[in-house]
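Here is what TrEMBL records for this protein:
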- 224-359: domain 'GGDEF' (DOMAIN)
- 5-23: transmembrane segment (TRANSMEM)
- 38-56: transmembrane segment (TRANSMEM)
- 68-92: transmembrane segment (TRANSMEM)
- 104-124: transmembrane segment (TRANSMEM)
- 131-155: transmembrane segment (TRANSMEM)
- 161-180: transmembrane segment (TRANSMEM)
């Protein structure tokens, strides 16, 4: 009996961990996409089938299982759709095991648990309160079902042990769900922060170097064009000296919005450092890159930047260097250096202009 209970708890923990790794990139909830709910319900139903196969023997004539724990989990976290799917799969598995009149009480038990779970998810907000209500109702239904199938000397001990087993199984499962949801969200947040600039929310220098490195592996073999923009705010030091670094940061944030709006949806914008920004233009030749760079320059020049210490908007300009791969005699690894030289050439030409690496070379 204890070994069977231990096996069931181990199955629950293992499956929940595996499900989270494969399916739950975002926490399962009422607002989850339908695709995620269907996947969760299907996976939970498969868990129910496994639990059906690993029953817990109480004595020579009585066995129980934790098939309702997956139904409870979907009711607590997912709502109607995954709960119904789980119930259908578990009920189907029960019918395949024994298609006879004796299957009616267990099927009714599953149906009542599914309906109760959907109602509880809709009416009760707190996760652990949902779990308590589901434990109470499933045990009530189980007790009634056992009393219909066994003599009182048999159903009373069985109901008592099922109460303990469902308490432990549901408690461990809900805790695992909550804990793994928190761990997944922390991982996603840390991953986001590792590749994003805290001030502008653009990709940071680490992401810039990694994506440029990936392009170095992909583009030479595919004979594709890759262009790079490197831009710098003209006279940004004067903005910091005049209005302070906080206002300078606000200018950087506003510039990031203008930059993203001026490039193509599949292009990647970065804050390389300070007032220097970069844009990777995928599958973009030099002519098209110069057109995009000129659009960025013009959009920045015509955009009014809000500075709290000024009664009127601030207008700024940027200098932009453009580099394109392939270039004879140069590798993609040298693309940044080429583009950076083009940026300094643009500054030498009076700022507020665009210069290509070929022109600067």
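Using the three backbone atoms N, Cα and C, a Cβ is placed for every residue, glycine included.
TrEMBL: automatically predicted annotations, no manual curation.
Not measured: the values here are computed from a predicted model.
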(request) With DSSP as the reference, give the number of residues of the domain 'GGDEF' (224-359) in helix, strand and coil. (result) 63 helix, 36 strand, 37 coil
(request) Six or more residues out from either end of the transmembrane segment (161-180), which same-chain residues have a Cβ under 8 Å from its Cβ atoms? (result) 1, 5, 8-9, 12-13, 16-17, 20, 24, 28, 56, 58, 64, 66, 68-69, 72-73, 76-77, 127-128, 131, 134-135, 138-139, 142, 146
(request) Over the domain 'GGDEF' (224-359), work out the mean pLDDT and round it to an integer. (result) 92
(request) Give residue numbers and ranges for long-range contacts of the transmembrane segment (38-56): same chain, 6 or more residues beyond its ends, CB-CB under 8 A. (result) 1, 4-5, 7-8, 11-12, 15, 19, 22-24, 28, 32, 63-67, 69-71, 73-74, 77-78, 81-90, 93-94, 97, 161, 165
